[in-house]
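**Student:** Below, the features straight out of Swiss-Prot:
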ACT_SITE  ASP518  active site, nucleophile
BINDING   ASP404, ARG600, ASP616, HIS674  substrate binding site
DISULFID  CYS82-CYS109  disulfide bond
DISULFID  CYS92-CYS108  disulfide bond
DISULFID  CYS103-CYS127  disulfide bond
DISULFID  CYS533-CYS558  disulfide bond
DISULFID  CYS647-CYS658  disulfide bond
DOMAIN    80-131  domain 'P-type'
CARBOHYD  ASN140  N-linked glycosylation site
CARBOHYD  ASN233  N-linked glycosylation site
CARBOHYD  ASN390  N-linked glycosylation site
CARBOHYD  ASN470  N-linked glycosylation site
CARBOHYD  ASN883  N-linked glycosylation site
CARBOHYD  ASN926  N-linked glycosylation site
CARBOHYD  ASN933  N-linked glycosylation site
SIGNAL    1-27  signal peptide
Amino acid sequence: MNIRKPLCSNSVVGACTLISLTTAVILGHLMLRELMLLPQDLHESSSGLWKTYRPHHQEGYKPGPLHIQEQTEQPKEAPTQCDVPPSSRFDCAPDKGISQEQCEARGCCYVPAGQVLKEPQIGQPWCFFPPSYPSYRLENLSSTESGYTATLTRTSPTFFPKDVLTLQLEVLMETDSRLHFKIKDPASKRYEVPLETPRVLSQAPSPLYSVEFSEEPFGVIVRRKLGGRVLLNTTVAPLFFADQFLQLSTSLPSQHITGLGEHLSPLMLSTDWARITLWNRDTPPSQGTNLYGSHPFYLALEDGGLAHGVFLLNSNAMDVILQPSPALTWRSTGGILDVYVFLGPEPKSVVQQYLDVVGYPFMPPYWGLGFHLCRWGYSSTAIVRQVVENMTRTHFPLDVQWNDLDYMDARRDFTFNQDSFADFPDMVRELHQDGRRYMMIVDPAISSAGPAGSYRPYDEGLRRGVFITNETGQPLIGKVWPGTTAFPDFTNPETLDWWQDMVSEFHAQVPFDGMWLDMNEPSNFVRGSQQGCPNNELENPPYVPGVVGGILQAATICASSHQFLSTHYNLHNLYGLTEAIASSRALVKTRGTRPFVISRSTFSGHGRYAGHWTGDVRSSWEHLAYSVPDILQFNLLGVPLVGADICGFIGDTSEELCVRWTQLGAFYPFMRNHNDLNSVPQEPYRFSETAQQAMRKAFALRYALLPYLYTLFHRAHVRGDTVARPLFLEFPEDPSTWSVDRQLLWGPALLITPVLEPGKTEVTGYFPKGTWYNMQMVSVDSLGTLPSPSSASSFRSAVQSKGQWLTLEAPLDTINVHLREGYIIPLQGPSLTTTESRKQPMALAVALTASGEADGELFWDDGESLAVLERGAYTLVTFSAKNNTIVNKLVRVTKEGAELQLREVTVLGVATAPTQVLSNGIPVSNFTYSPDNKSLAIPVSLLMGELFQISWS
């Protein structure tokens with residue numbers, strides 16, 4: 001063995017003294033930088049849902065006062081095995097900057113490394129673990145009906161307080177493609193995430209994986225049986241399990257990693273010493289910061305197009321470190337290590353397997369897929385009515401009108417301004433009469449400012465004990481938009497009933513259709529509370545992840561505050577999810593139809609109850625481009641109903657930016673234009689006629705494609721598919737697709753290539769191998785009531801790709817959308833609302849392969865009823881093309897689907913002009929064939945709910 005002495009042996013002590021002094025200065029600077037407060041942190045700004053509670057600490061535990069003196073670390077011998085490749089060094093000083101002497105006293109190696117860093121990089125560690133660093137030892141391994149159990153023991157404590165020296169390992173081989181293992185304290189109940197997950201009592205019969213264990217140092221090694229590739233190897237660094245610091249590291253089989261949302265980043269994450277922090281935070285998106293949601297799940301692509309995923313079911317504040325070796329380290333501040341490994345083997349299957357655990361997405365109402373419009377500053381019903389009238393007059397679709405805080409009385413939930421919104425209920429009823437819906441903002445914080453008896457939500461909440469409490473048992477009081485506020489505890493069953501009552505009572509006054517949940521990280525304009533926070537170990541843990549503001553209570557409530565299930569320290573990242581669950585439940589019980597909830601804060605499993613918008617994005621080309629990986633990321637995380645504020649929220653947009661953003665936004669699963677009070681208005685009708693024409697064209701295309709989009713949501717709901725998806729999900733064997741995040745697919749069939757830079761009239765995109773047909777060849781304008789301006793420029797009818805980057809014409813009025821060979825998609829005549837568009841005739845676009853084949857399907861129901869699958873109240877029709885013939889198959893037909901009229905079929909890829917076209921055996925005389933585009937347009941008069949056959953020869 002090649003043994004190296006630690007740096008600064010006696011022979012070079014003089015030089016090393018100088019190095020140590022320099023290092024101390026640098027580390028001091030870095031420590032200040034890590035704890036630096038942002039300006040907004042330095043002042044105040046104007047049911048059976050859960051498993052059994054398991055508290056974080058032992059029964060009866062209360063957090064004690066913080067002892068300010070530094071934790072005494074038992075000095076260890078300086079290591080002699082420090083010849084570790086730089087990319088494989090694991091940080092031995094994650095908690096603070098330390099000197100060489102302190103590092104070596106921990107038994108670790110110290111080698112300075114000069115680097116220039118850019119967020120989210122943290123840099124190569126100077127103090128790192130030697131291979132011989134003590135960890136846990138595996139003992140008493142035994143087989144069980146579902147896997148294995150073992151005891152893990154540590155003989156020497158670490159440098160974190162309250163080590164748990166004896167642990168229990170439970171390994172569950174749950175399915176052939178899912179492995180589940182837990183590491184926890186057998187002697188003390190600790191907090192576990194109360195997420196409803198599958199319980200499996202038997203061992204998988206034919207797993208795709210093998211599991212191995214390293215005895216000392218302890219580790220779990222997971223391999224693919226086919227090929228033997230190591231997917232998980234936790235022996236690469238020591239395991240830590242202290243009361244408030246848990247660390248688990250693993251090697252990675254490749255550097256192609258995605259997931260770990262929510263962050264402003266490319267689709268593929270950097271493994272160049274990147275730190276990803278998960279602690280939900282109200283802050284405008286910027287690189288290297290913790291944002292509104294936490295999803296501790298990653299998907300890794302492997303050579304050959306295989307993929308696997310790993311999910312750490314832990315809701316505590318955490319960092320995830322990615323390093324070049326490649327390797328990943330989880331660092332959590334509490335809970336247990338509850339790990340799922342998904343074997344795929346293809347990326348699509350990994351996502352489905354993850355959703356098998358956290359839940360499949362909810363099925364949105366059809367109207368929710370239309371266009372939504374909002375602005376902070378619609379300050380009266382007169383203004384809202386004028387906006388709606390302007391949208392109609394200028395022929396822009398509008399399905400859902402929204403209001404921000406403006407509608408409220410003193411910015412309090414479940415109230416409305418009796419002056420500027422005096423006829424609020426009438427306004428909402430008028431929207432309904434015109435076939436539209438209405439949504440408004442609801443913040444979780446409840447005003448506590450008024451005298452007793454003046455505000456029912458607070459009075460009732462106090463009486464029923466629904467608020468989060470401080471160390472004295474009284475409601476914790478913070479400050480949000482209405483002034484002083486209390487925060488509902490949505491883990492309390494009583495709170496769910498209280499919230500439902502408040503929603504129902506307000507709905508009886510104002511018949512709104514959905515709820516927009518904002519500020520639910522939860523956000524707080526003071527740190528912790530009006531009275532501050534206790535000085536205890538939950539507020540000042542021994543390890544603080546890289547959160548904005550440097551402390552957990554920054555811009556939120558005290559970590560040590562009390563909730564029904566545990567402390568906020570454990571439950572903070574679940575706050576948005578629990579409010580979404582409560583709101584979805586309240587809407588179902590109040591309205592009796594499918595709920596529609598959009599929430600800013602999210603956690604794993606959120607898509608089961610609600611959608612998401614990406615927060616306070618800026619009106620910039622940079623944020624336009626970042627919205628593509630944002631939307632793709634949330635689809636991989638099981639939240640397909642997602643979108644960014646079209647044209648941007650913060651700052652003034654430009655005409656060109658708003659046109660390009662509207663074109664891309666037409667392909668967000670959730671399409672909303674919304675902006676800030678202090679920014680210029682940006683409704684579509686505000687711009688020049690040229691810009692309006694370009695936007696109308698994008699609107700018309702989206703509304704024409706809604707039947708296909710709705711079918712994709714059905715597949716997401718029943719199968720765990722994505723709606724918007726990255727190219728690698730469909731083409732995993734093509735490595736060129738892996739990092740593509742300036743394009744997106746809708747399902748398997750539509751490829752969208754937006755313009756994301758100013759001043760461009762062409763765009764470059766990657767086209768996987770095959771034929772891609774330009775959707776400009778498919779027109780359904782004549783079927784609807786919404787005219788779509790035709791493009792003034794010529795276009796390329798089809799792309800024949802060998803798997804290559806291609807440059808396409810993209811004038812201002814055009815977003816390139818291509819239909820993939822082998823697919824049939826349903827379309828419908830577009831109108832100003834989905835209420836009207838659902839009444840229009842339908843069409844099929846058929847994209848033939850070289851062998852003349854294609855397939856597709858249509859899912860249809862009434863668009864808003866509950867339990868349509870359970871009641872069989874839906875229509876499902878499949879389509880197939882082969883041998884110059886298109887036929888349908890009726891899987892199930894109900895009244896609504898039976899009445900759908902099919903009026904137009906466009907067949908793409910017809911090599912030669914036909915001489916005869918038949919519809920159910922009857923000749924069609926007025927078909928048209930384009931020899932230039934190789935397209936065949938067939939007018940028909942058929943019903944989707946009846947068998948048909950269309951052929952040409």
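In case you wondered, yes, glycine gets a Cβ from its N, Cα and C as well.
What's the neighbourhood like for each of these?
**Tutor:** Cβ neighbours of ASP518 (active site, nucleophile) (same chain, under 8 Å, six or more residues apart in sequence): ILE441, VAL442, ASP443, ARG600. DSSP assigns ASP518 (active site, nucleophile) to coil, not to a helix or a strand.
The Cβ of ASP404 (substrate binding site) has CYS374, ARG375, TRP376, GLY377, TYR378, ILE441, HIS674, LEU677 as same-chain neighbours under 8 Å, each 6 or more residues away in sequence.
Of all Cβ atoms in the shown protein chains, 21 besides its own fall within 10 Å of the Cβ of CYS82 (disulfide bond).
Just so you know, the Cβ of CYS108 (disulfide bond) picks up 28 other Cβ atoms within 10 Å once every protein chain is counted.
CYS103 (disulfide bond) carries a helical DSSP state (H, G or I).
Every protein chain considered, the tally of other Cβ atoms within 10 Å of the Cβ of CYS558 (disulfide bond) stands at 27. Annotation note: CYS558 (disulfide bond) sits in a coil segment as assigned by DSSP.
DSSP assigns CYS658 (disulfide bond) to a helix in the three-state reduction.
Sequence-distant neighbours of ASN140 (N-linked glycosylation site) (same chain, 6+ apart, CB under 8 A from its CB) are THR149, ALA150, THR151.
Packing around ASN233 (N-linked glycosylation site) is summarised by its Cβ count: 19 other Cβ atoms lie within 10 angstroms of its Cβ, all protein chains included. DSSP assigns ASN233 (N-linked glycosylation site) to a strand.
The local packing around ASN390 (N-linked glycosylation site), expressed as other Cβ atoms within 10 Å of its Cβ over all shown chains, amounts to 15. In the three-state DSSP assignment, the secondary structure recorded for ASN390 (N-linked glycosylation site) is helix.
Counting only same-chain residues at least 6 apart in sequence, those with a Cβ under 8 Å from the Cβ of ASN470 (N-linked glycosylation site) are LEU476, SER529, GLN531, CYS558, SER561, HIS562.
DSSP assigns ASN883 (N-linked glycosylation site) to coil in the three-state reduction, outside any helix or strand. Annotation for ASN883 (N-linked glycosylation site): spatial neighbours GLY852, criterion Cβ-Cβ under 8 Å with sequence separation of six or more.
All protein chains considered, the CB of ASN926 (N-linked glycosylation site) has 8 other CB atoms within 10 Å. Under the three-state DSSP scheme, ASN926 (N-linked glycosylation site) falls in the coil class.
The secondary structure of ASN933 (N-linked glycosylation site), as reduced to three states from DSSP, is coil rather than helix or strand. If you take the C-beta of ASN933 (N-linked glycosylation site) and look for same-chain residues 6 or more apart in sequence within under 8 angstroms, you find MET777, SER797, ALA798, LEU908.
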**Student:** Enumerate same-chain residues with a sequence separation of six or more from CYS647 (disulfide bond) and a Cβ-Cβ distance below 8 A; give 'none' if the list is empty.
**Tutor:** SER619, THR653, LEU657, CYS658, TRP661, THR662, ASN673, ASN675, GLN682
**Student:** Around the C-beta of CYS92 (disulfide bond), how many further C-beta atoms are within 10 angstroms, looking at every protein chain?
**Tutor:** 27
**Student:** Starting from the Cβ centroid of ASP404, ARG600, ASP616, HIS674, the recorded substrate site, name every other residue in that chain with its Cβ within 8 Å, sequence order please.
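**Tutor:** Nearby residues not in the site list: CYS374, TRP376, ILE441, ASP518, TRP613, GLY615, ASP645, PHE649.
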**Student:** Looking only at the domain 'P-type' (80-131), what is the mean pLDDT?
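**Tutor:** In the predicted model, the domain 'P-type' (80-131) has a mean pLDDT of 92.
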**Student:** Compare the Cα of ASN390 (N-linked glycosylation site) against each of the recorded positions CYS82, ASN233, ASP616 and report the nearest.
**Tutor:** ASP616
**Student:** What recorded positions among CYS82, CYS127, CYS533, ASP616, ASN926 are found with a C-alpha within 10 angstroms of that of CYS108 (disulfide bond)?
**Tutor:** CYS82, CYS127
**Student:** List the recorded positions among CYS92, CYS103, CYS127, CYS533, ASP616 whose C-alpha is within 10 Å of the C-alpha of CYS109 (disulfide bond), in sequence order, or say none.
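**Tutor:** Correct set: CYS92, CYS103, CYS127.
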**Student:** Please report the distance from the Cα of CYS82 (disulfide bond) to the Cα of CYS127 (disulfide bond), rounded to the nearest angstrom.
**Tutor:** 10
